[in-house]
Structure formats: C-alpha cells, structure tokens
Amino acid sequence: MKKAVCIMSGGMDSTLCAVMAKRAGYDVVALHFDYNQRTMKREKRAFDEICERLGVVKKINLDVSFIAQIGGNALTDTSMQIRKDGVSNDVPNTYVPFRNGVFISIAAALAEKEGAQAIYIGVVEEDSSGYPDCKESFIKSINEAINLGTSADFSCEIITPLVNLSKADIVSKSLELNSPIELTWSCYESEDEACGLCDSCRLRLNGFKKANAVDKIPYKK
C-alpha cells in the first residue's frame, strides 16, 4: 500500500488533507510538532482525537522547541501581543520564520525512512494570513530540493490539495467528506474557548459564514 506523511497541526486544513490522503488510497503516517506554541496542549489534544477518529495507526509527535528558542513571533513569545485588528496584507507577527520549511524538511526525512511516496501539507495561499512559506512556488521549490537531497531510490511529491482554495471551500469540502472539523482547533491564543479575534479565528469564522455552516467549537462570548 502506498504511504503518505501528513503534517497535522490539529487544525481544519491539515485534518482535511489527512482525510483526502486516506481517500486517495494512502496509508497515513501522521506527523505533529510541538514547538512551545501558546496552544500546544490544545493542538496536541486535537491531533490525538482526529487520529483516533480517522483510524490512523502510526502517529508521531516531535519536540521541535528549538523553534521557540529562535523566537521572533507571537505564537512562541508570550511577551508579544497577538494582533487582533483583523486580517491584513502584511505578514503578521504570528508568522513563525520558515516554520513550514522546517516542518517539510523533517517530514521528508520521515518519508524517506518510511518509504512514503507523498507528503501532505495543508498550506493555503489564496485565503490566508499571507505567510511566505505557504506559497505554491515555495512548495514546488522545496519539493525539488528534497528530491535532489535524498537517496537516488527515493522520490516523493509534496501534495497541497488546499493551496488555491478559500476557507469557505475548505469548510464545504470538510463537510462533504465528513472530515471531523468539530474536533479541530485553530485559535492562536486560547485553549479552552477560541478567542474569535486572532487571524486564525477570523479566517475560520469567515469561512464557516461564507459556507453557510455552523462552527461547533466553543468561542469566548
């Protein structure tokens, strides 16, 4: 059976990717990262619950807390305020420098070890916070680098099925494919109730609104 490493944060985008990988006939190896982000425990809980729901047998949780040591972002540095003034065209302070590059590189090492043919990652370029490492051009370039820098008998494809979708499209697709969107967590700041104001919450809520769907996770009143 063909195999895919799925980078899973516990959010709705990466969860949908895992569902799509399974539907495409891949045996999913679920990969989650702890980097001392504010909602680390809540994201890990979501990851575990989602894997159980999807019947994922092999799941790996890696400590990459060196990302927090590098710093420079509001997700790992609690002295910085997470911006809550709405989504803008500027790169927000929640951007973790080259995070996806780090994650994909580690996923590639795991894929080579596992003999996986694909890496799934839920990057979204069209309707997102404008993170530079979510661009389709970046993904294509790092995919080329991976295949140049790994064994001659290994080759894998980075699959980004959501990259050109809107958040509304992602919500609709999740509901269509019975992705467990109600188990996912998107908030950058809170672990008990989503704040509803950070970029990630705003994008999520707007996606549900445009899809005429109800988000079942708890939000602060």
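Glycine is no exception: its Cβ is also placed from the backbone N, Cα and C atoms.
What you are looking at is a predicted structure, and each value in this text was computed from that prediction instead of being measured.
Taken from Swiss-Prot, the feature ATP binding site covers M8, S9, G10, G11, M12, D13, S14, T15, L16, C17, A18. In this structure, M12 (ATP binding site) is part of a helix by DSSP. Just so you know, the Cβ of M12 (ATP binding site) picks up 31 other Cβ atoms within 10 Å once every protein chain is counted.
As annotated by Swiss-Prot, Zn(2+) binding site applies to C187, C195, C198, C201, with the evidence given as sequence analysis. In the three-state DSSP assignment, the secondary structure recorded for C187 (Zn(2+) binding site) is coil.
Here the binding-site residues are M8, A18, C195, C201, and the one ringed by the most other CB atoms within 10 angstroms is M8. C187 (Zn(2+) binding site) sits 20 Å from A18 (ATP binding site), taking the C-alpha atoms as the reference points.
In terms of C-alpha distance, the listed binding-site residues C195, C198, C201 place C201 closest to L16 (ATP binding site). Note on proximity: of the binding-site residues M8, M12, A18, the one nearest C198 (Zn(2+) binding site) is M12, by Cα distance.
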